[in-house]
């Protein structure tokens, strides 16, 4: 029997039954428990959500900027009041350690909403003089109804990253969470309504990407799709969005990011950064620095420092505050990660630690994979080329700066990159050469609300967060005013 009641769709300010009779299960990956049955939206539900969003968006956009800002700030306050409750639910649904969800996921999501709530009154047009008798003014108008499609690794945070700028700009949003982790997004919808966001301005449709995601992407009256997920799926979403009605898109996709340790680096700091870049959130972070480049002369010393730190990982029940490493998000994903680990062994990478499923005690019922470190890796190996999205670090040796920059850029992805060095000149020189949209020097992973994030190459299109993302949820209308005579050639 499920722990929670049947989860319905959230449309037009409240829960409604789906037109589709099918449901799917939300599973706790720490122990296999069925948390809830969730209704699967039908195609008619997508249309119902669009109609509600169109109605609500007109009301929302007609409010003054200050009114919209106040309502969004109320939502921030409610999020913070319910931080622990939301974090507990997120941990059950994702398997993420409560130490992450309680102190990072909800907190940083609320920070992003607060950031955009403060920017609402700053959405302004321009006045452009042409001549004494004429000028142009511009208006930044909302797009209308937009859609967000989320990934399973940061459910409520991603929903906030997408909805905050969209709502701040006066749009309505239809959001489809990942089928794997849907629960907290439904709670976010409740919070928006409680804060005073008009009915229909934030709707949640649950179900598969293959069906519900496709119907959303193809709907002709949705003006934009913001998608977070894998590159292959992102390409399909982008193609569908374009072919259906030339929708605008934001794509935050996969990565295989390089972390370069230089020969002057503080190796203890470098090892700490590498651990965070590979094992935080059990390795399920799109920006992870999974290709760790280390000078050959320092590789053995660096490996020893990594092994020393792996021993400090506290794996176990993610509801335990002392744990910092939980299960993977699902048993299906666990099998995928184990398959990559097997390929690493087959292709000749040297296994330093891990390499298998964690077993015994609490681990037997959950989707736990041991923190895994491979070394003596080569650029052609599958574990070095493809995104694994799990706790698997690959260490690669190198000799020269030119070599490591070339190899770091030898990937179809370009989401993130980082370097560790004491040489500030080298730091800036190398960062400017790396083909990645998010870069860190002597750090890894922080993505503040003010910081635009997004990828180069096949890691994405557009940006999330920062002022520029707010503009991506508006369109510019140009208006010319003529005060003088008008001359016709006819």
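Backbone N, Cα and C define each Cβ position, glycine as well.
Swiss-Prot names 150, 151, 152, 176, 177, 178, 179, 230, 231, 232, 233, 254, 286 for binding NAD(+). Of 54, 380, 386, 387, the residue it gives for the same site is 387. Per Swiss-Prot, the candidate among 27, 222, 260 that belongs to the K(+) 1 site alongside 93, 180 is 27. According to DSSP, residue 286 (NAD(+) binding site) sits in a coil region rather than a helix or strand. Minimal Cβ crowding within 10 Å, among the recorded positions 248, 252, is found at 248. There are 27 other CB atoms within 10 A of the CB of residue 460 (K(+) 2 binding site), with all protein chains counted. Here the candidates are the binding-site residues 150, 179, 231, 460, and by Cα distance the one nearest residue 27 (K(+) 1 binding site) turns out to be 179. For residue 152 (NAD(+) binding site), the recorded positions whose C-alpha atoms fall inside a 10 Å radius of its own C-alpha are 180, out of 162, 180, 246, 248, 457, 464. Rounded to a whole value, the Cα-Cα separation of residue 179 (NAD(+) binding site) and residue 93 (K(+) 1 binding site) is 11 Å. Residues within less than 8 Å, Cβ to Cβ, of residue 150 (NAD(+) binding site) and separated from it by at least 6 positions along the same chain comprise 158, 159, 162, 175, 176, 177, 178, 185, 228.
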